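Everything below concerns the one structure shown next.
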Amino acid sequence: MEIVLASGSPRRREILKRAGVTFRVIPSEATEELTESELADPSKAARTLADRKAGSVVQLLLAVPRPLNQPVAVIGADTMVVKDGRIFGKPRSLEEGTHMLQQLQGATHQVITGVSVWMLSPDEEGHVSIARRAFSETSEVTFKPLSSQEIADYLACGESFDKAGAYAIQGEGAKLVAGYEGDYDNIVGLPVSTLLHLVPALAE
Ligand SMILES: Cc1cn([C@H]2C[C@H](O)[C@@H](COP(=O)(O)OP(=O)(O)OP(=O)(O)O)O2)c(=O)[nH]c1=O
């Protein structure tokens, strides 16, 4: 089976590689916008975005005028930070990053990663059947109390802008964190242990 990771995230690539999975990368160009009603249920929203990312890459694969000659699994994922039911994605400005970290300091929040796997199976005539499996995983992260100066100094290191919630637990952001519960890889972007448990074919 061929495995495709529908993600431009170097962290997801790294985590999947470390788990011993052989795959290629096709970054998704799906939009990350959600409607008000989708925003109301963060776990579902994360699964929806993951599904959209995987689905957009499946469309690309099926648009190529060359029949699939083997089953293909396409993996999409989306990570969001959730504080008091509000979703924090990637900050679009320094102000937004500052606001996110002000909300997160001295408190506990959830990090939710939604994952969607689309399995494409061609038959002998070249017809492709599609099966989908989606799940989400939640970890909890507690931040130390932070002063405005500490927040400004952290944002100045520059690692915040492509990270949900404006921090990277695997980077300089580790020093903002008092502790976490749950799966660490899930916080960094891909709950690979649950993924391989639910879709064991990926590890074969
Ligand atoms: C909370 C947290 C998030 N992140 C990252 C994981 C995700 O890459 C990113 C959230 O953005 P996503 O939209 O989930 O992913 P992405 O845009 O990086 O990649 P793609 O859509 O192509 O798959 O935040 C960390 O690296 N460390 C952390 O501690």
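Please read every residue number as a count from 1 along the shown chain.
Quick reminder: no glycine exception, Cβ is built from N, Cα and C everywhere.
Curation does not apply to TrEMBL; its annotations are automatic.
Annotated active site, proton acceptor per TrEMBL: D78, in sequence order. Its own atom aside, the Cβ of D78 (active site, proton acceptor) has 27 Cβ atoms within 10 angstroms in the protein chains shown.
The feature site 'Important for substrate specificity' is assigned by TrEMBL to R11 (among others). Applying an 8 A CB threshold to same-chain residues 6+ apart, the list for R11 (site 'Important for substrate specificity') reads Q170, V188, G189, L190. In three-state terms derived from DSSP, R11 (site 'Important for substrate specificity') belongs to a helical segment.
The site 'Important for substrate specificity' annotation in TrEMBL covers T79 (among others). In the three-state DSSP scheme, T79 (site 'Important for substrate specificity') falls into the strand class.
Q170 (site 'Important for substrate specificity') carries neither a helix nor a strand DSSP state and counts as coil. Look at TrEMBL and you will find Q170 (among others) tagged as site 'Important for substrate specificity'.
Between the candidate recorded sites, T79, Q170, the densest Cβ environment within 10 Å is the one around T79.
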